[in-house]
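Quick notes on the structure that follows.
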């Protein structure tokens with residue numbers, strides 16, 4: 001079983017915001033890789049798909065970003081998921097818009113959702129797919145920037161870029177190594 005978790009904040013007011021890039025990515029993946037069922041469990045929406053004969057859970061935590069780690073820990077423990085079978089998708093202000101990059105372990109780099117996951121799993125050793133949202137201009141506070149909405153052009157660019165790399169799911173479900181994914185898609 002594989003688990004792909006997209007980070008974001010719940011609520012209409014957060015739709016299409018930069019901090020919800022993980023939710024946007026999950027929605028794009030679900031358009032391409034149809035799901036068989038959806039249920040609410042562990043404070044999250046869990047969409048179940050079968051891809052390459054492999055069960056895949058696409059997850060959107062229903063907690064706020066700062067508490068995402070609680071959901072991730074519960075899912076990992078309940079389904080007995082090896083961390084090599086987990087990818088967390090999140091926004092990253094240090095990458096340009098439309099830049100999509102795989103990363104293995106490391107610090108949170110100030111991302112509160114990732115910080116929550118690290119704290120709850122007691123490890124930094126999990127795979128991430130970072131989605132660039134650009135650095136804010138000087139007049140922006142970081143918190144205001146990540147909660148601002150993408151422009152239509154930015155959103156289209158992000159969708160196009162992500163869709164071009166969404167084939168990573170096929171490689172991931174065919175048990176390709178994460179190093180392989182980084183070399184192929186970064």
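Cβ from N, Cα, C; glycine included.
Keep in mind that what you see is a predicted model, and the values were worked out from it rather than measured.
Straight from Swiss-Prot, the features:
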- 9: site 'Discriminates between blocked and unblocked aminoacyl-tRNA' (SITE)
- 14, 64, 66, 112: tRNA binding site (BINDING)
- 19: active site, proton acceptor (ACT_SITE)
- 91: site 'Stabilizes the basic form of H active site to accept a proton' (SITE)
* **Residues satisfying Cβ distance under 8 Å from residue 66 (tRNA binding site), sequence separation of at least 6** => 112, 113, 115, 116
* Asked: Near the tRNA site, what residues other than 14, 64, 66, 112 in the same chain have a C-beta no further than 8 Å from the centroid of the listed C-beta atoms?
  -> 9, 19, 63, 65, 67, 68, 113
* Structure fact -> Whole-number Å distance separating the Cα atoms of residue 14 (tRNA binding site) and residue 91 (site 'Stabilizes the basic form of H active site to accept a proton') is 13
* Maximal Cα-Cα distance (Å) across residues annotated as binding tRNA, namely 14, 64, 66, 112 -> 16
* Structure fact -> Keeping only the recorded positions of 9, 19, 64 whose C-alpha lies within 10 A of that of residue 91 (site 'Stabilizes the basic form of H active site to accept a proton') yields 19
* Given the recorded positions 9, 112, and counting only Cβ atoms in the protein chains shown, which has the most within 10 Å of its Cβ? -> 9
* What three-state class does DSSP give residue 91 (site 'Stabilizes the basic form of H active site to accept a proton')? -> strand
* Same chain, 6+ residues apart, C-beta under 8 Å of the C-beta of the residue listed as 'active site, proton acceptor', given in sequence order -> 7, 8, 9, 65, 91, 133, 146, 147
* Asked: Taking DSSP three-state, what's residue 112 (tRNA binding site) in: helix, strand or coil?
  -> helix
* Structure fact -> residue 64 (tRNA binding site) falls, by three-state DSSP, under coil
